[in-house]
Amino acid sequence: MAGSNCTPVTAFSLMGLTNDPGAQAALFLLFLLIYIVTILANLGMLTLIVASPRLHTPMYYFLGNLAFVDLCSSTAITPKLLADFLSEKKLVTYTGCVAQVFIFDILRVTEGFLLAMMAYDRYVAICRPLLYLVTMSPKCCFQLVTCSYLLGLTNGVGQTIGMLHLSFCSSSVIDHFFCDISPLISLSTSDTTLNQIMLRTLASLFGVSSGLVVLLSYIAIISTILSIRSAEGKCKAFSTCASHLAVVSIFYGTSIFMYLKASSRDDKRAAVLYTVVTPMLNPLIYSLRNQEVKEALRRLTKMKRSCMLYM
């Protein structure tokens, strides 16, 4: 435990990605462009799903929630990062740091379970097509999405409560570009044994369980696809889950890289991938690789043009 003469920290200083002014200017422009694309792509995906009756299906219900989570997670991290590129002192208040930990830990786990629910949806569609409408009913989809958010909330509350019991006395400099629980635990002057156990337990529990759902779903999916005799049938079946498989690969690829990181620099690189880049890539992958999304966009565009002609 910290000593009684410990002065509570009221603000933290973030080291950021680099101290080179030239590099900071270039990174600001790059990340600003990425953030703009992220906002437009995810808002566009949400609008398209809501406005297109053809996309009112379980898969796009999950995709709409994924776009919402990506929008929120990017907004929780990127604006502060952009502001820090233009600021000499990269300060964040203690309250702001706690809030960032809470929001990010909710959204990260929620995204993992949404991807797991989407994998289960593809499993039912490909392996149990005759039972699809019954199994993936609106009530079931709502329950699965609600469960994803509740599990994310559980993780956020657990990590935040753990952080509130930490003392910060000797240093207030965080070797990162945002408030993440791992560097904060390393920075604390109090006994962090319980926090380390909680971090690893929650990460393992939520990460392994969501990953297991994805893995088992795709084992069954691949087995079913391989049993299809015609090449056209195999191609059609695989195309229904290709976009999701690409998104899952990015999500779990960055997560695995986080655990295999060798230094704080690797930690930051992995964090950039899953906090800044991935929220931009997810809607782009679904819009560029998905024929249903492209067709819905064409129909919506034609409807808008028709409405403008009659006005």
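The backbone N, Cα and C atoms fix where each Cβ goes, and this holds for glycine too.
Curation does not apply to TrEMBL; its annotations are automatic.
What TrEMBL annotates here:
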{"type": "DOMAIN", "residues": "41-286", "note": "domain 'G-protein coupled receptors family 1 profile'"}
{"type": "TRANSMEM", "residues": "25-48", "note": "transmembrane segment"}
{"type": "TRANSMEM", "residues": "60-79", "note": "transmembrane segment"}
{"type": "TRANSMEM", "residues": "91-109", "note": "transmembrane segment"}
{"type": "TRANSMEM", "residues": "202-226", "note": "transmembrane segment"}
{"type": "TRANSMEM", "residues": "238-259", "note": "transmembrane segment"}
{"type": "TRANSMEM", "residues": "271-289", "note": "transmembrane segment"}
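Listed by sequence, the residues of this chain that lie at least six past the ends of the transmembrane segment (91-109) yet keep a Cβ under 8 A from its Cβ atoms are 8-14, 69, 72-73, 76-77, 80, 149, 151-157, 159-160, 163-164, 174, 178-181, 184, 206, 210, 274-275. Averaged across the domain 'G-protein coupled receptors family 1 profile' (41-286), pLDDT for the predicted model comes to 87.
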